[in-house]
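> Supplied in structure tokens, the structure appears directly below.
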Amino acid sequence: MRHGDISSSPDTVGVAVVNYKMPRLHTKAEVLDNCRRIADMLVGMKSGLPGMDLVVFPEYSTQGIMYDEQEMYDTAATVPGEETAIFSAACREAGVWGVFSITGEQHEDHPRKPPYNTLVLIDDHGEIVQKYRKILPWCPIEGWYPGDTTYVTEGPKGLKISLIVCDDGNYPEIWRDCAMKGAELIVRCQGYMYPSKDQQVLMAKAMAWANNCYVAVANAAGFDGVYSYFGHSALIGFDGRTLGETGEEEYGIQYAQLSISAIRDARAHDQSQNHLFKLLHRGYSGVHAAGDGDRGVADCPFEFYKLWVTDAQQARERVEAITRDTVGVADCRVGSLPVEQTLEA
């Protein structure tokens, strides 16, 4: 893991993250103009960072937040589509991989159902090699339709990459899911605003440490007339230490080289903090000393997760018993969310 240079090597993947200024757009034409600005920025960055293999732009950087519902539906994109075609051309021209935001991607039942909040990973040939739909939209504000799975893709130089979006990253489960599928770099694109800056910076570092993985965070910056976005895009090592972090500046860029051999060596040979290995080999030292085998215990000891998998409704009722049983809150209503119990559709 190296920071401070503009290079990369056969063993390192040069990764850049961008504090893209949150755009305020209203029409498809404005969105496509912004796509061209992103594409131009990517090509320019490659000339300044010749080692750059992968660049990450924040959530909402393509379309901004459409606060008008009709504008949201009117500008919802397809994947592939006009927006991704512009990004693909830039990736081909620069010979760079890129992560881009599509907010939103048309639902299969568009326009009867809300769009998805989507990320795409595009390779240096312009091919879309991963499309991820946000599993945990930022309720109660975000009205995106939720996705249902994570992915791992072999990225530049073979580094294994998963994509997650913003509020996804507040749930340890999604990081673990990506890591256990083999992700070595988890990319978190976010359009996070104040007040939760400190918490989001902390979460990314903690999840890198807990999952023995690299983390790349790209966050929006600036003010869009509604929210103030705190930036702090960052690259974090698999030991939880920050390699590089921007401030709050609009269009700030950070860059680091992520060693492929280092993370694979650590996962194979580290012991006391090898969290992925130890989770499925619980207590192996004591089990070995007892003469009960030398691989520890693999069974899941966490009753809540067992219940969630076998009886999701009962797990939901258990959560509601310690929180609330309505999605809305009477003292702080958001939109039309119900504040009284309703029947499931």
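Placed from the backbone N, Cα and C atoms, the Cβ positions cover glycine too.
Not my notes, these are from Swiss-Prot:
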- E59: active site, proton acceptor (ACT_SITE)
- K134: active site, proton donor (ACT_SITE)
- C166: active site, nucleophile (ACT_SITE)
- 13-260: domain 'CN hydrolase' (DOMAIN)
> Indicate whether C166 (active site, nucleophile) is helix, strand or coil by DSSP.
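SS state of C166 (active site, nucleophile) = helix.
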> Identify, in sequence order, the residues in the chain of the residue listed as 'active site, proton donor' that are 6 or more apart from it along the sequence and have a CB within less than 8 Å of its CB; answer 'none' if there are none.
Y116, N117, T118, L119, W144, P146, G147, I164, V165, C166, D167, D168
> So what's the average pLDDT for the domain 'CN hydrolase' (13-260)?
98
> Can you tell me the three-state DSSP label for the residue listed as 'active site, proton acceptor'?
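In the DSSP reduction, the residue listed as 'active site, proton acceptor' maps to coil.
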> When DSSP is mapped onto helix/strand/coil, what comes out for K134 (active site, proton donor)?
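Where K134 (active site, proton donor) sits, the three-state DSSP reduction gives coil.
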> Fewest other Cβ atoms within 10 Å: which of the active-site residues E59, C166 wins that one? Let me know.
C166
